[in-house]
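**Q** Submitted below is the structure of interest, expressed as C-alpha cells.
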Amino acid sequence: MRPRKRSLRDMRELEGLVQKQARIDESGWTGANERTFLAVKPDGVQRKLVGEIVRRFEKRGFKLVGLKLVKASEEVLREHYWDLRNKPFFSRLISYMSSGPVVAMVWQGLDVVKTARKMLGETNPADSLPGTIRGDFCVEVGKNVIHGSDSMESAMKEISLWFGQNELHHWESCSTSWIY
C-alpha cells in the first residue's frame, strides 16, 4: 500500500507547525524553562487577590521571572485581544481591562502553560471547579479575575507585548533541585 499523497495545504500546515516548534525550541522555553504570561485583571487587583494568586503559583513550584503593575493602554489591549476583535463584547472588554491597574506576570517552569490554565479554571467561572482561581473567586464571565496564555505560542507573543527583555529576570531558585 502506497502512502497517501499530501496536498499543498497539508504541506503548508505541516511546515507552519515545524516552524512554530523551531521558534519555541530556539527560545529555550522548553522543559523547566517554559514560560507563560498571566495578568491579574482590574477586578482581581481591586479585590486584593494578587497575593493569593502569586502564592498559589509559588507553592506549585513555578518561578516568577517578571512582574509589574500597569495601567494598560488601549493599544496594548487591542493587540493582546486581537483574536477577539470581531466578538460583540470586544469594546466592553477593552473598556473593562483599561478601567484600572493590571498586574502582568511571567512565570517559568515545567509545563507551566498547561498547568497554569488548569489552575485558573474555565473562562466561564460557572464551569470552573472549586480549587481553581476562577472557581474560588469568580461569579461572572465578564469579571473573571485573571488572564493566562493558552499556548506556548500565545505566551511568547503576550510576553513580548507586555514585557521588554530587560524586565525579565534569569535567576536560580535554591528549591529547583527539590522540584525537578
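Just so it is clear, glycine is given a Cβ too, placed from its N, Cα and C backbone atoms.
TrEMBL annotations: computationally assigned, not manually curated.
Below, the features straight out of TrEMBL:
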- His147: active site, pros-phosphohistidine intermediate (ACT_SITE)
- Lys41, Phe89, Arg117, Thr123, Arg134, Asn144: ATP binding site (BINDING)
- 33-170: domain 'Nucleoside diphosphate kinase-like' (DOMAIN)
**Q** Run through the Cβ atoms and count how many others sit within 10 Å of the one on Arg117 (ATP binding site).
**A** 17
**Q** Restricting to the domain 'Nucleoside diphosphate kinase-like' (33-170), what is the model's mean pLDDT?
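**A** Mean pLDDT for the domain 'Nucleoside diphosphate kinase-like' (33-170): 97.
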**Q** DSSP three-state call for the residue listed as 'active site, pros-phosphohistidine intermediate': helix, strand or coil?
**A** strand
**Q** Quick one: largest C-alpha distance among Lys41, Phe89, Arg117, Thr123, Arg134, Asn144, binding ATP per the record, in angstrom?
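**A** Max Cα-Cα spread across the ATP binders: 22 Å.
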**Q** Let's check the environment of Arg134 (ATP binding site): how many other CB atoms sit within 10 Å of its CB?
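**A** The answer is 22.
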**Q** Helix, strand or coil: which one is Arg117 (ATP binding site) in, per DSSP?
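**A** In the DSSP reduction, Arg117 (ATP binding site) maps to helix.
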**Q** So of Lys41, His147, which of the recorded positions has the fewest other Cβ atoms within 10 Å around its own Cβ?
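**A** Ranked by other Cβ atoms within 10 Å, the recorded positions Lys41, His147 bottom out at His147.
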